[in-house]
Amino acid sequence: MAKIIGISGGSGSGKTTVVSKISEFIPEFVLISQDNYYKSVGDYEYEFSKVNFDHPDAFDNNLFYEHLKNLKKNSPIDMPLYDFINHKRQLKTVLVVPTPVIIVEGIMIFVEERVRNLIDLKIYIDTPNDIRFIRRLRRDISKRGRTLESVIDQYLNTTRWGYYRFIEPTKEYADLIIPEGGHNDKALYVLSTFLKSLSKEGGLDFI
C-alpha cells in the first residue's frame, strides 16, 4: 500500500513551500491538493458572496475520501480540477497514477476521522495569522482574480471564523507541527533529515 503524507494548516501558512522541501528527499510521489475538491458554486442555491469556502461542507468530502482510499490501495484516480476564477469544477480531470508516496495538502484534511485514518504522517504548518492573511491577499488578487475588498470581506466573515472553528483544532492530530511555515529552516531540516533517512533505509515503512 502507498504511504500518505498529509500537510495541513490555515490558508497561506506555507504548505506549498513545505511540499517543495519534502520533494527534494522523496524521489517519486504524487501531490493531491484538497482545493481541487471544492464544490462548484453552481452547486449551491445562493450566490458566491454567501458561500463559505472555509467550512468542511464546501468540499466534496466523499469523493476526496474515495480518491485517497483508492490511491492508498495503488489504484489510479481521475482527479478533478477546480477553477478559482469562475469558482467551478472544470470538465476535464487529471489521471493520477499512484506512487509509493502520496502527498496530500489542504486546510481541512485532518477534520474528518475517516480521512485522518488514511494518512500515515500528519504535518501541521502553524503560521501567524497576519502573515497568512498577507500571503492569501497577494495570492487571491494576483492568481484568482479577486479584489482587495472581496478578500478582506471573506477573511472577516468566514475565513477567520473557519480557521478557529475547524482548522486550528486539528493540530492535536499532527505528528509534527512546524511553526512559521515554510521559513522555519530548522524544522524543515529535521523533517527532511527524517525523510531522507527513511528513503535510504529502503522506504517509508516506518510511518
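Our numbering is plain: 1 for the first residue shown, then up by one each step along the chain.
Placed from the backbone N, Cα and C atoms, the Cβ positions cover glycine too.
As annotated by Swiss-Prot, ATP binding site applies to GLY9, GLY10, SER11, GLY12, SER13, GLY14, LYS15, THR16.
Projection of Swiss-Prot feature records onto the structure.
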residue : record           : CB count, 10 Å
GLY9    : ATP binding site : 29
GLY10   : ATP binding site : 28
SER11   : ATP binding site : 22
GLY12   : ATP binding site : 23
SER13   : ATP binding site : 28
GLY14   : ATP binding site : 25
LYS15   : ATP binding site : 27
THR16   : ATP binding site : 18
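The DSSP secondary structure for LYS15 (ATP binding site) is helix. In the three-state DSSP classification, GLY10 (ATP binding site) falls within coil.
In sequence order, ILE107, ILE125, THR127, ARG132, ARG135, GLY181 are the same-chain residues whose CB sits within 8 A of the CB centroid of GLY9, GLY10, SER11, GLY12, SER13, GLY14, LYS15, THR16, the residues recorded for ATP being left out.
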